[in-house]
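K.L.:
One structure, pasted below without further comment.
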Protein chains: 2
Amino acid sequence: MRKATNISSHNHEREHGTRLMPKFDQSGLISAVVQDSRSGEVLMVAFMDEEALAATRESGEAHFHSRSRDKLWKKGETSGNVLKVEQVLIDCDQDAVVLKVVPAGPTCHTGARSCFYRELDGDTLKPLAE
Amino acid sequence: MRKATNISSHNHEREHGTRLMPKFDQSGLISAVVQDSRSGEVLMVAFMDEEALAATRESGEAHFHSRSRDKLWKKGETSGNVLKVEQVLIDCDQDAVVLKVVPAGPTCHTGARSCFYRELDGDTLKPLAE
């Protein structure tokens, strides 16, 4: 009973409090959505671990955790297309963030402005108008 | 060598082709960002498995996979606050989608319009102006 109460009050603080309490999943990750702060366009989606979140907060530039390489990944570290973070939003249960950014260039490694350059049209994918 | 070529051509088709080839992770999931199709506001972030993606496409209303309950979850099934999906965007490597939706009511279970109702302000969380 005491345990249930503690979990409940923990969840209440997480949802309604003013304290940053990221709820990392069993792989140590939260979701991170990158949104252009001017256009509102969603540019990419990735994951952050504690290290990536700290590096982003300290540097003001977006860092993620690469699941394929299992390491810290500064977006733009090779391309130069860094993402300047203007605002960080966090969701109710603190397992996802939205980064409002100013991108230095195309966000997608394909050269597209956003990684979301196709829409589902029936059973096929159709390029979006730029 | 043949294997490498096949993987490479598979990845090329996934990034540049017109065929829907979702890249589910080892848990069978892709990320799903829900964005208000009118305001551009990010309303919530969740996960979809193959079943949730199929249910969303068939019904035109957003379905997700609940990781905590390990089952299909129709958003709004109890609250009535369903999300009508107007457009589905998919990213370069097909492991994330953006759902452009018209929400029937508040998206967050707390009653907030969006789950992202706080921003990080230094070390604390600050409610966003509605």
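Glycine is treated like the rest: Cβ placed from N, Cα and C.
A TrEMBL annotation is a machine prediction, not a hand-curated record.
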K.L.:
Of the ranges A:1-21, A:64-84, which one does TrEMBL list as region 'Disordered'?
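P.N.:
Region 'Disordered', as annotated by TrEMBL, spans A:1-21.
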K.L.:
Measuring Cα to Cα, how many angstrom lie between A:Cys108 (Zn(2+) binding site) and A:Asp95 (Mg(2+) binding site)?
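P.N.:
Distance between the two Cα atoms comes out at 24 Å.
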